[in-house]
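The following features are taken from TrEMBL:
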type: TRANSMEM; residues: 21-45; note: transmembrane segment
type: TRANSMEM; residues: 51-72; note: transmembrane segment
type: TRANSMEM; residues: 93-116; note: transmembrane segment
type: TRANSMEM; residues: 149-167; note: transmembrane segment
type: TRANSMEM; residues: 174-196; note: transmembrane segment
type: TRANSMEM; residues: 229-248; note: transmembrane segment
type: TRANSMEM; residues: 268-286; note: transmembrane segment
type: TRANSMEM; residues: 324-348; note: transmembrane segment
type: TRANSMEM; residues: 391-409; note: transmembrane segment
Amino acid sequence: MEAKKVFLRESSGLVREVSPWSSLLASWALVTGGIPILIIQWLYLAPGINWTLSFLVTLIPALGSAFLFYVSGVSMPRAGGDYVFNTRASSPWVGFVNYFGLFVAFALSLGLYSYYAASWFSYLFSGLGLYYNNQALLNLGNFFGSTNGSVIVGVVVVVISSLLAFSNRLAWKFVLVSGIVSVISTVILFATLATISTSSFAQALSSFTGVNNAYNEVINDAVSNGLSFVPNPIAGALLGIPVVWYYFTWYNLPASWSGEMKSVRKNVMYSIVVSILLIALYYAIFTQLSLDAFGNKFLTAWSYISANGVNDPVYNSLSSIGPFIPFFVLLVNHNVALYFISFLALWLPNFYSNPPLVIALTRYLFAWSFDRVAPAWLADVNDRLHVPLKATAIITAVGIIGVLMYAYLPVIETVDVTVVFQIGYAVFAIS
């Protein structure tokens, strides 16, 4: 009589079909999605520092941490590879508790970034409404900025992301194509920013707002209300490290699908180590071009006024576009096509990062199932789609719940998931 097996699955049922380029572009989107807006929005946290130097200094520890995740991915290439490595290198419970915390942080982020997806469309249509003085477009921007608009868009984003994740092949093709479009639009955005001078922007800003010397008005109002710039931008670069470190997080996620990668060593190297190098270069170029085009002091003052509610006539007339710099590009170039391309360059990574995030979260559930800390049925893989459908459905529900929580439970916004990421990465590194 055949002995009863403790665990019935002898193989995962997952297929190695993820190319190195798809993984690299997924990592790019997961790390950079939404960050360019944050870079502009948080300039006031380290006013006037040398941001390029801050990116380069922070890159050193980020690369060290990324290398550890590279080791985990190539040594244990399986679903939830970094979690598996953490549990085997330390202890099962330390690894599980650590990755349960990371799982919750990532799951909350799925809801948060889907909920905030509407803000991109709020910026887009508000900018067009202001530019054309069109009330219908302004109303559309206001709708996307409202709670109801954010919930609708957030749920739609989660559902679309999950539908893509229900088919591995479709999801990774979507990532590849979206990533290529994102890179092309980013190159166009960078080339456009390089053609803009601070003087031309200052003139365009005054002309559009009707405020005499509007550029300096913004800076003066911020300074008179408490903004002060660091005396030494190079020495002050250290002040930017805490936020820049956050800009680099999420690079561990490719290890979670390492069991489905083609050419594992090359794939993990591209998606974790090489991607961090490219992302640091991207951040440095984007930030420097933006500061050169619109002025370090102006953008820092703009972010300070936005964060502190300073009464400034220029900001008040353009408050609906916030840190959305494609609108500043539009004021100078008057080219709506470039406005949409600039929007695409910033928005698309934020959108196409969601299917890989859903995939990564399901792989952690999958790994827990294999370790028997979660029900065995979470590891059931559809023979045709090569996807754990039940786990994906659960993540879909979690994402929708996250959207609703951020919409209707304001207290959830006080949960700082960035701390969870830092602790989780530290525990992994120590193990």
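Here the Cβ of each residue, glycine as well, is placed from N, Cα and C on the backbone.
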Positions on the same chain near the transmembrane segment (93-116), where near means CB under 8 A and six or more residues out: 33-34, 80, 82-84, 86-87, 150-151, 153-155, 157-158, 161, 253, 350, 353-354, 357-358, 360-361, 364, 368, 371, 373, 395, 398-407, 412, 415, 417, 420-421, 423-424, 427-428, 431
For the transmembrane segment (21-45): best-contacting stretch of 51-72, 229-248, 268-286, by Cβ pairs under 8 Å: 268-286
Positions whose Cβ lies under 8 angstroms from the transmembrane segment (149-167), at least six residues beyond its ends: 110-111, 114-119, 121-122, 143, 174, 351, 354-355, 357-359, 362, 385, 387, 389, 392-393, 395-396, 399-400, 403-404, 406-407
In contact by Cβ distance (the transmembrane segment (324-348), the transmembrane segment (174-196); 3 or more pairs under 8 Å): yes
For the transmembrane segment (229-248), sequence-distant contacts whose Cβ falls under 8 Å of one of its Cβ atoms, 6 or more beyond its ends: 31, 35, 38-39, 42, 45-51, 53-55, 57-59, 61-62, 276, 279-280, 283, 297, 300, 418, 421-422
Long-range environment of the transmembrane segment (391-409) - Cβ separation under 8 angstroms, sequence gap at least 6: 107-108, 110-112, 114-115, 147, 150-151, 154-155, 158-159, 161-162, 165-166, 358, 361-362, 365-366, 369, 378-379
Remote residues contacting the transmembrane segment (51-72) - C-beta distance under 8 A, at least 6 residues beyond either end: 39, 81-82, 84-86, 234, 237-241, 244-245, 248, 251-252, 254-255, 268-269, 272-273, 276-277, 280, 283-284, 287-288, 291, 425, 428-429
